[in-house]
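These notes are about the structure you will find just below.
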Amino acid sequence: MRAKASDMHSKDCVKVAVRVRPFNKRERDAGSRCIISLVSTSISIQDPRDCHNRRSFCFDYAYWSHSGFTRDQTGLFVPEEPGGRYADQHSVFQDLGVGILENALQGYNATLLAYGQTGSGKSYSMVGYGPNKGLVPKLCDRLFEAIRENQENRQCQVVDLLSRGSRSAGGLRVREELQRGFYVEGLRKIPCENALQVEQLMEQGTRTRTTAATHMNANSSRSHMLIILQLKQIFSKESITKQSNINLVDLAGSERQRSSGSEADRLKEGTAINLSLTTLGNVISALADVAVGKKVVHIPYRDSVLTKLLQSALGGNSRTVMIATLSPADICYEESLSTLRYAERAKRIQNRAVVNESPTERLVKELKAENARLLQKLSRMDQEGRRATDESKELRQLLTQNELQIRAIQTLWEQHLQEALKDWEQQYANITQERRMMQMYPYILNINEDAQLSGVVKLFIQEGEWGIGLCDSAPRSISIKGLGIQEHHAVFRNEQRRVTLTPLTGSKVIVNGNAVYETAELQHLDRLILGSNCTYLFVGYPSERGGEDWSRYDYDYFQSELAAAEGIHLSESNTGCSQTDPSLLAVFYDYIQLMPMVAEANQISQELSKGVEFKLEIKNLALSDSRGHDLQKDIVVRVTAAGSKQVWMWSKAKFVNRKFLMEEVYQQFKAAQHEDNRVEGLLAVVLPRDKDPFWDPVEPLLLGTTHLWLQSLAFRIPLEEQLEVLGSEGTEEAILQAQLVPCTSTGLPLGEDDILIDPSEVLGRRLDFQLVLDQCCGVRWIREARNRGIQIGFRVFDCSEPLYTPAVWHNINPLLDHRVQFTSLQTSQRLLDYLQSSAVVLELWGLQEGCSVLSSSLGAVRMTAEGAFIIDLLHPSQAALSDSAELSCSVGALQQDVEELKSLNESLRKENHSLREQLNAVKNGGDGARGRSLRPSCDAEFARALKVFYHSMTSVRGQLQRLRRHRPSEESDLLGLRLFVDEQSRLLRDFSEQLEDGVSTLKQDVAAIVRRKRERSGIWS
């Protein structure tokens, strides 16, 4: 569905369109739901965490491309039903592309900006793929159709942003002239006479863009693409020339804008690409303020290269359209909302577009007339004997300049084409040669994170031996560049139609997800990763190629293979009735997204000799909350300094930012190395700590947690446990000895007679207990480095702040001897429910030299005179409500008590009368002794039975933990697996026997107590 907007050039304000794409594979697998709705030109987005929080926006055009489409026989995506709401590529072009072309033909500059997060559909809308052509190729087709239909002489030039020759390290310079404004110095301009040539130039630019991204260790989502079509029209009758620029801009992925404000980092946001998007946002905001009448002192066009080049498109001499592309998935809510806000600001900008025309023929006539006058004047001066030499010299210079201007204006279009003919012939020859070699030899095909850039680079493996690496001087070498690529990296051998790959010493080669150290024979569609992250698909001889779908081997496929080799994969058994948890899928995709970045960061650290190692971890993978529910999982990066053994935990957002800053340091180092300036190279690497992206101030780290269940406190039964402290990924970090001790207000332990049969007996009464942390054993954190320490943190019930034990340093088996008493002055049902269903989560914190020790904040904590922490405190408003309820019921309760006392008094009278008669009937002596002994305490017997049962359950729980930890080794063979199965069976048998013994003993004890009570009921009932 799209808007029915008025004619595009009725106003000079920026027109904004939004387009909602279908779910991609990640979002479908994660079970994402659509949070975007669209009605006419209005679009709404709902916060997935709050169904009542919905934001609405209105734009000039709105396109629904999320659903309601099908694929026809030619591969085109079309609406399922005629007149359906699905907006295809043709609909988008009719609204946006046609208007841009009409403006250009009228002599206006025109600009189309594509904005949105990576993977939101920018490239599909701008370029498209296959038969679903995007705005740029459709616009070129229509432009040359207009040229053929029109009898006027219209000339078109394409500006290629990427030079074919060698580029300087700093790239091309942006200059400024008074008349031209900002322009790129040294940019090639190539004349074109049909749309096919424009497409070929775009392919060439994409190829160079891909290669440059590989060389610079960057992916396409961190680069902008700007295509400039220059249209020059000469109108002979009117003696005027119209010249207009059509700027087609595919901006870098906008998701970095959201992360830049989501988490504080001591270092600036990297990189220049992100700075350019930020500056573009600042320019748009300033221009939007100007449009609504606010006073703006400065519009920061000069703060980035991007905004310099787009100055005419934003607030200048251009008619501009922005298309913002969105993902409708709930997991992309933040990025989509940010994009909508960005687009909303942009639609308020107003430009000042004018027709760019000049009187060509009249200018030529005036120049010729002026030249004639100059010639006459020079002739007279020569006749007068050259009396004014200086004046004669100045006239000749003016004459030469005018002749050059006339020659430039009168240069024919065919002459421009002749100048570019050699370039075109060379390009045609290269394309023909590549197609011919594809039918003769195997080759490797580049795979890029951006699908539009995959398959652009083909490296052919001809017969014989071919070295691959940085070296390009050897006669039989294939030159590639990228992080981790050695001068001589590996050797391909193509002999007898068999291709093998041999890694050389020190090089990193991965085939189908597994590292390769010896010669490996390659099969058709094998996946290769060279260095840190140069990904290629091996394509065999034409005879080996069938009708396979190569598209499944995308960038994610490569990373999923790597993750599976590390043991991180999605189980295929989750199909059918049960499905993989969507949250786990989201974490899995985050993991494979960060894997190549971590590999690159490790390679940069190695090349810069930083001695820092990066490792991906899944936060909370094996941890749970106080009720045993799984915690939300997330990806973190563990950063370790090899020399000092310092460790940091970085969030995903922080690592991504630091990775970009590392790239900047690396680029400076390589540039200095290229110039053979060792001093500058060292300065680029040895940075002060406050500017070093590889370093951070050290902080305490959460090493792991364990649970101490509180159910025994509800019965006032003491508990002593040896608890296994598990790390985030399930590794054993330490063993913690802890106790729960029911006690008196003064801290004395309670005895067996104080054990409760019914936990509700404690309601409304005072409850005291102590948490005792005796010792930590086998602390892995300190075993790895003896200069470290630990603390234990915990929070009980409604304590507002966590409490911490004193820090203990340099000891693998530290003695804690920490005792804390908690008191509930009037036990509530809420506290009782907490004790029966929850645990105290004990957190093991790791300390490092130079980090601050964790301290308990006791400002908001209430304590008794004996020093116990008071819990189960009612909020003042809750206490007031409770008091008023008690007062309103007090009279009724008193009356009821009076009635009950009367009834009890009557029953006691009857019982006294009965007892008196029985005593009279009993003889003196033995019978009296028997009567005194027949009144035992059944409650005490129940308490003892329960205590025995709880102690047996402690050992059962330990056995269960051993079963959970018991896993086969990853390197186990068939014999090892059989031994594991036997051991597992034995553990299960022991667990079953212990559980049955505990339950059987409890049943026997309870039956005996009940039997004895029934025997005595004849006397005491």
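Including glycine, each Cβ sits where the backbone N, Cα and C put it.
Of the given residue ranges 51-85, 191-225, 541-575, 891-925, TrEMBL assigns the label coiled coil to 891-925. For T118 (ATP binding site), the number of other Cβ atoms no farther than 10 Å from its own Cβ, over all displayed protein chains, is 19. Within 10 Å of the Cβ of S123 (ATP binding site) there are 23 other Cβ atoms, across all protein chains. Counting every protein chain shown, the Cβ of G119 (ATP binding site) has 22 other Cβ atoms within 10 Å.
Within the model, the domain 'Kinesin motor' (13-349) shows a mean pLDDT value of 75, rounded to a whole number. Note on the binding-site residues G116, G121: the fewest other CB atoms within 10 A surround the CB of G121.
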